[in-house]
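Copied over from TrEMBL, here are the features:
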| type | residues | note |
| --- | --- | --- |
| DOMAIN | 8-231 | domain 'Lipid-binding serum glycoprotein N-terminal' |
| DISULFID | 134-173 | disulfide bond |
| DOMAIN | 246-442 | domain 'Lipid-binding serum glycoprotein C-terminal' |
């Protein structure tokens, strides 16, 4: 299945995410709790040495250099190099009858961390992440003891360093894996897979496949389909192929195909939201005419005889959902609208007068504001034809200018007011877009 909506995070976007993720990981690692270390070892010509390191406190943990890159067909790999940390604590040692104790400072230098992230999706269509591999390597550890017997410290200096290296390397990876599960995975779950739009419709943004890593980006295919809140039925047409342009300059790209917009049209048409009724009270005050039979009798003389000086109502509806097309020149649609005219009788009942068919070329522009896709429609020249008349034949072209006023002055502002409210983009928590550029492609 082709996606109706596609998201691409480029290397620039991944780098931005890495900056924040590594800063959070640095904060997390600085809270590492290190266990007490104790043991013994035998020294030739000296005997057994017992040692204990306690009250270990990590004073700092810095991750100055890091990188992230997608691994095709696998996921993401994060590397951290030149990391360093400082630890202090207390020590105690015993050799025969000799005992000593004091404090120590330990410096960890050139710590290297490599993390592999496997990306997937769960049953609800939300993205998942798992640390499939983590490895660490410490190039250098230096430890400084305070105390009276220098020769004694040298006996267990190398033992402490190797023990500490093993414990810290294990603890770092343990913490990284824990952070992926407790921080990254819950954050990915904030991506909305369904978004309620209003009382009639919602959008399905669930993944149709796990996120895919390429050499240059991370791509996610989303369903991108509007659905009815009243009854979730299948869409009677498939989504077309959706391909991004080749550039990767921006951090993130969103692609919406015609399928995305046309499922919206389908849902709102089925819900009756594309039916509009125009009455005299809705005519803007700046327009110097009324919606009544007296005005229309100038074009349809028999109206004055049959329904003298009566208010009228126009009911505009679309026989089928209007479909939008997208190309390099922009977005456009060609809706077909039926206009049923009524006379409002003194009893408030309606008398049908005539049924017109109206066709027009409509251009659409879209923008993104506050994480919402917003739109605006512009109507071209209308073409009218008479489908049925209850008041006898008349020249439809005489009504052209009046219908232009109704469409552009009353109907279009109502549609654009709704489109200004917009439809939300699939954004996880705390993400805001800036410097948005919109382009139209085939």
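Glycine is no exception: its Cβ is also placed from the backbone N, Cα and C atoms.
Confidence over the domain 'Lipid-binding serum glycoprotein C-terminal' (246-442), given as mean pLDDT on the 0 to 100 scale, stands at 91. For residue 173 (disulfide bond), the number of other Cβ atoms no farther than 10 Å from its own Cβ, over all displayed protein chains, is 18. The Cβ of residue 134 (disulfide bond) has 113, 114, 115, 116, 173, 176, 177 as same-chain neighbours under 8 Å, each 6 or more residues away in sequence.
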